[in-house]
Amino acid sequence: MEYPNLLPRFLKYVKVNSRSDENSDRFPSTEREENFQKNVIMKDLEELGLSDIHYNQKAGSVIAEIPSNVDYDVPVMGFLAHSDTADFNSENVKPQIHKNYDGESKIQLGDSEFYLDPEVYPNLRKYKGQTIITASGDTLLGADDKCGISELMTFAEYLMNHPEVKHGKIRLAFTPDEEIGTGAEQFDVKDFGADFAFTVDGEAPGKLGDCTFSAAQFTLDIQGVNVHPAVAKGQMINAVQVGIDFHNQLPEHDRPEHTDGREGFFHLLSFDGTVDHAHLAYIIRDFERDGLEERKNLVKSIVKKMNDEFGTERIKLQMNDQYYNMADELKKHMDIVDLARDAYKAEGLEVNEDPVRGGTDGSQLTYMGLPCPNIFAGEENMHGRYEYTVLESMYKTVDVMIKMAELNAERAK
């Protein structure tokens, strides 16, 4: 089905800079995120006539409700989308609309030197005859997750205007700081008030995320000894070299650029240093909890061995878990996954449940007592200048959400 207000909403939202900041001490991490939520999202919800619209200051989230239109109890379903965008230029986004794509040509990003090439991004070929939306080459688009925000709004608009579609109470949430991994930690599950939910933050139509990485992160702070190179023999300890030596003891294959499918990895995010001091930041990913623990233990053992060789704690390790594979918990709630599967199939989609090589807010929320798989939103090539979405994919997301609302009510009779 086509939804005439979806594209204008999306274009409006992507032009608002709501980039999060992992180095911030405030929550939400940026004032611009909070302004986007309060001044744009809340106003649009009010115009749609939803109920219980409020900003939860502690959670940094906008909450709203689509009231039930049936006279019997239905499990309360929720949908979530995040308001922030990733760590890439988000200022002055200029969306470009490419109608009736021919499925073969390169798509120039604005007037820039950059192109979306189907030889590099073969998914483009699937969208022959459809409308591709890109940025202009110097920013990201913000499809992740302003696709989801636009779809939640359009879904709400449709249900409010079509009482013939029977559904129970539906809760909506617009959350901050997903891209930096801190938004879900503060989410108020009780205030949200749903029995189960879905994040709307996935890729191409058919993608259903019910299996994610388990994740940890760690940092190393290395204290070196700086001595003039002329007299350094036997005295200098180069902190940068110590960092290199540590990194080279991790499995060479287990890096993002060498892995796919269900393979995990160690990923060096940053390495800053001088002879005197170095700082390394890593993330660890594995689909199995045991595998995650094995990787963490390997890091600890390497650090211990190197410190033992130095005879002092020259390398300081800080490590913490981030989230766990939602599949382990969703095994107890397969009726929720089945609801999504059935809605996909009813809308003519082939369900793709390949493991998600990442995490979503739902990964954490599931372990906070809110079972929360992820459904597709039409996001492609997220987090950079080559990001794009497809208008027809966004339409299909709304179709699926409407069908899920109907099925949830039917099954409660």
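Cβ coordinates are placed from backbone N, Cα and C, and glycine is handled just like the others.
Summarising the annotation, Swiss-Prot assigns active site to Asp84. Of all the Cβ atoms in the protein chains shown, 29 others lie within 10 Å of the Cβ of Asp84 (active site).
The Cβ of Glu178 (active site, proton acceptor) lies under 8 Å from the Cβ of Ser20, His82, Asp84, Asp145, Ala184, Asp201, Thr360, Asp361, each of these being in the same chain and 6 or more residues away along the sequence. What Swiss-Prot records for Glu178 is active site, proton acceptor.
Of all the Cβ atoms in the protein chains shown, 28 others lie within 10 Å of the Cβ of His82 (Zn(2+) 1 binding site). Residues or ranges marked as Zn(2+) 1 binding site by Swiss-Prot on the basis of similarity to another entry: His82, Asp144, Asp201.
Taken from Swiss-Prot, the feature Zn(2+) 2 binding site applies to Asp144, Glu179, His383. Residues near His383 (Zn(2+) 2 binding site) in space but far in sequence (CB under 8 A, at least 6 apart, same chain), listed by position: Ala86, Asp87, Phe88, Leu140, Asp144. DSSP classifies His383 (Zn(2+) 2 binding site) as coil under the three-state reduction.
The Cβ centroid of Asp144, Glu179, His383 marks the Zn(2+) 2 site; residues of that chain outside this set whose Cβ lies within 8 Å of it are Thr85, Ala86, Asp87, Phe88, Leu140, Asp145, Glu178, Met382, given in sequence order.
Looking only at the binding-site residues Asp144, Glu179, Asp201, the densest Cβ neighbourhood within 10 Å occurs at Asp144.
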